[in-house]
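What follows is one structure encoded as structure tokens, with my remarks underneath.
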Amino acid sequence: MQALLFLMALLLPSRAGAEEIIGGVESEPHSRPYMAYVNTFSKKGYVAICGGFLIAPQFVMTAAHCSGRRMTVTLGAHNVRKRECTQQKIKVEKYILPPNYNVSSKFNDIVLLKLKKQANLTSAVDVVPLPGPSDFAKPGTMCWAAGWGRTGVKKSISHTLREVELKIVGEKACKIFRHYKDSLQICVGSSTKVASVYMGDSGGPLLCAGVAHGIVSSGRGNAKPPAIFTRISPHVPWINRVIKGE
């Protein structure tokens, strides 16, 4: 498959499909135990699919544009079409948006999902470390993204988790987008490679040296890189306050 494709709109109904990793490979089953498969149900019964990742036993992080009135999270999954014994399906009690989330610009496209109960941490379900508030993922860094999104613009979603290696590039490459701010976002994906994220991958993590530095946020309609990821480090103080219940 090519690279990770982004979920570009707000929420896509399941009948429309959701996109996945482009230019990547199928992940080794349960090798990324922090990954979460997020389902958001609309008032009309449509289901939007996003990625997410476990940052504390009772909290999953995903993109703000993936949030909705009724949500469930599946942890410990590799093939989401199967009932794997490792899976834990938990309803979302509530979602917490940052005070400065901007719907139109997608700045601060991050949300915390508080689960109705704590996840049972196992070899297939575990938390991922976050960066420090001053940690700044820099251009040239090689990172990994993963998700269940489409493998191509005209292809269906993937039932198994896929991953792709992506390079952080300079902010100049993301000037093609109407809204981009390097202090809040990360520009990811080289134009010389057929690798990126797309619909259905939204909300998934960007891991650099084992640390979650970004969240799949938005990209181009043709699925060509670069793509925009929300930068996590500026939100770490807020994240810590939410987890502590402050």
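Just so you know, glycine gets a Cβ as well, placed from its N, Cα and C.
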Worksheet item: Which one is it, C66, C85, C143, that Swiss-Prot ties to C208 with a disulfide?
Response: C143
Discussion item. Tell me which of C50, C85 Swiss-Prot records as disulfide-bonded to C66.
Written reply: C50
Item to complete: For H65 (active site, charge relay system), find which of the recorded positions C143, C187, S202 come within 10 Å, Cα to Cα.
Response: S202
Worksheet item: Do you see any of the disulfide-bonded residues C50, C66, C143, C208 whose C-alpha is within 10 Å of D109 (active site, charge relay system), and which ones?
Response: C66
Item to complete: Determine, using Cα-Cα distances only, which of these recorded positions is closest to C50 (disulfide bond): C143, C174, C187, S202.
Response: S202
Worksheet item: How many whole Å apart are the CA atoms of C66 (disulfide bond) and C143 (disulfide bond)?
Response: 23
